[in-house]
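Copied over from TrEMBL:
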COILED    504-540  coiled coil
DOMAIN    624-753  domain 'GGDEF'
REPEAT    181-214  repeat 'TPR'
TRANSMEM  558-578  transmembrane segment
Amino acid sequence: MRIIFFIFFIFYFTVANSQEALLASIEKIETKPLSEKSVELANEVLELSKADNNHSLSAQAHTLLGKLTKESGDINQSIYHFSQASSIYKFIGNIKQQLKSSINEVKVLFKAKRYDDAYKLIGEILPLSQQYSDELLTAQILIIKGDGFYQQKYFNDAIAQFTNSLQYLSKSTKEIQHKRAEAYKKLAESYKRLKDRENTALFYKKALSIYENQHNNKLIARTLNTLAEAERHLGNYVISLDYSMRSLEHHEQLNDPLGYAKASMGAGIIYRHIGRYEKSLKYTHKAYLYYKKMNNSNGIAKASNQTGLIYTRLKQFDYAKTFYQRTINLPVDEVESKELATALREMAVINLNTGDYDLAMIMAKKAHNIYKADNDKLKSSLTARITGNIYRAQNNNINATRYYRESLSIAHEIGSELYQIKAETTLGSILIDENVDEAVELLKTALKLSIKINTKELTLYVYRELRKAEKHRGNVAQSLDYAEKEIALSRVIQQEEQDNGFILEKAKLHSHKLEMELELLREKNELDQLALTKKNSEVEIAEKTRLISELKLVKNRYASIALVALLATCVIVAIFIYRKFIDSTKRNRELGYLAARDPLTNCYNRRVLFDFMDRDFLSLKELGEYSIILADIDHFKTVNDTHGHIAGDTVLISVAAILQNNINESDIVARFGGEEFCIILPGSTKDQAASIAESIRQELESTSFDNTAITCSFGVSSIEFNAKTPTELIEQADLALFKSKSSGRNRVTVWQKKLEQD
């Protein structure tokens, strides 16, 4: 309504022949919200300005109409109006406004994918901006030209334009520095597309520095998250985790739920890479809940896929399939095709490994068709190879060979040396029995490429297949040579895995330390983020200094070669034992976490609930205040029957999240069974427990679960009622819950003695 008000305001002043008021009013018009009436009234203003021979006002009206029609999707009209505005400004000699109108026209031309027309117009206005000596406008034109190249996936050309723009953005004004940061981010994004990880991180850091100087917290938070991703791709997990935690800290202070969800997702991915799966699940689940709250289907798909990857890492394939299936069941028009294809692809691999070849084939071909439709050649090469693997498992070598050749052809087309190696190796492997000469030729090409790009695991695989091929040829000497190389490389890989293991352990230790420090910072609220970064750096430098000093002492103390050799042997043995211990501890911790949690809701399971209560009841006299709540979702079967089990799962997840958000850290939520939950409240009286239950009941009642009304019934009991065992306490709460159910549901009942008589 605001735009209509302003246009009527303009019309009024036009009738009054007040040119100054007319100009002032048209500048106040906002392009949102839009309506046909808005465009109609803006056209009336244009006609009035023409009748009055007011060129400046006509140009402004054309600019406004350009924005209105762009927002409404009428691209051709938008281009026309911006072009007219530019021509009028040129006629009256207002070069700055002429350039701005032309820049708007270029943006719309790129939106319409009329690249030749856009580049032609840029060729006309760029010299004019340089002649006019407006450095900001010149930089803006170069950046927009880079945007066009980026849109066309000409990333090196885009980089050239973004880099060129920097020479015009050297002044220290806030506006120019903000535009410089924008250019840095676009450079980082372009290098990211080229998989140049070092430059990606470099330019994100440059952008971050400017945003920090300008105290732009929202852009700081988002840039920290993208920088964390860049450092993760470089394998710098400690640095990556620092950036990720800082991003989350900033997002907690901002009203930016989408940014917080993305940052949580990023943290989850980092924790997955360093093997802290329980933390990875925690942050990924947080992201899922945020996306669910925003009804962001694509975000839900991303979080579900990431959860699936975590369970795949843990070899919990049934759980992994549950989360991939959640992505597959989402509305197709609300999910990015690449997310759907990821879920289908991973399901295909799991089904292949578990021997369900028919289902694996269906999933793989669906993913393959999506990638082909999206013209994602890299992923098409991958799914062609997966499809070949499935055919090979079915002993259908003809179709397997066909898909391996397709995978190799695509890899050659896009110049992916990594995928060439993988396709050549699988194709060479299957051809050993059919055409050993071609097999050896393919494998030798793969060997040369794998050595070139230093992929030792793939080189090892190629050595193994070459050994088999030469043996098949009867060339025993050559086969033995490859066998020796295979053994030698295996030792190198084993050593590198040990070294990488120490890097991961360092990252894990750092993550523990970081979490403790961040918790202290939250409590004290005295130190800013720079102090945290400085402290981490000082600790790291001090640690390195200590290690150097220790090494010097060792060198001086053990001058004898024999003693050094003995020490080295002891260290190796200790490392081996330590690694075995760490691996065992880590695996036990992961399995313990999974065994304790309900995978759907992330609450504790029934077994752990009784473990907690049994432990608490060991010291019954010292227990003090102690209450429990049983919560049961009303009419849950109707939800499943009406909306399906996926909707039912979503309701369970959302209800669990609300329960967990309404309790203290010392309290515990467990899934008791089906749609029933149990909350343990140590230190709470029956009245406090009833108050908590009522608060939860009201929140659930006022929350919409995908347009489905959900309520819960609650039963409360307390140690005040003299229960002697966990079972007795739960039975009391269950009687109270039954009373709530039989009294009409959606209510809280506290246990009383007379309930036993009823």
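Cβ coordinates come from backbone N, Cα and C, glycine included.
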Discussion item. Mean pLDDT for the coiled coil (504-540), rounded to an integer?
Written reply: 49
Response to the item:
For the domain 'GGDEF' (624-753), the DSSP helix/strand/coil residue counts are 62 helix, 35 strand, 33 coil
Practice prompt. Take the repeat 'TPR' (181-214) and count its residues per DSSP category (helix H/G/I, strand E/B, coil), listing them in that order.
Written response: 30 helix, 0 strand, 4 coil
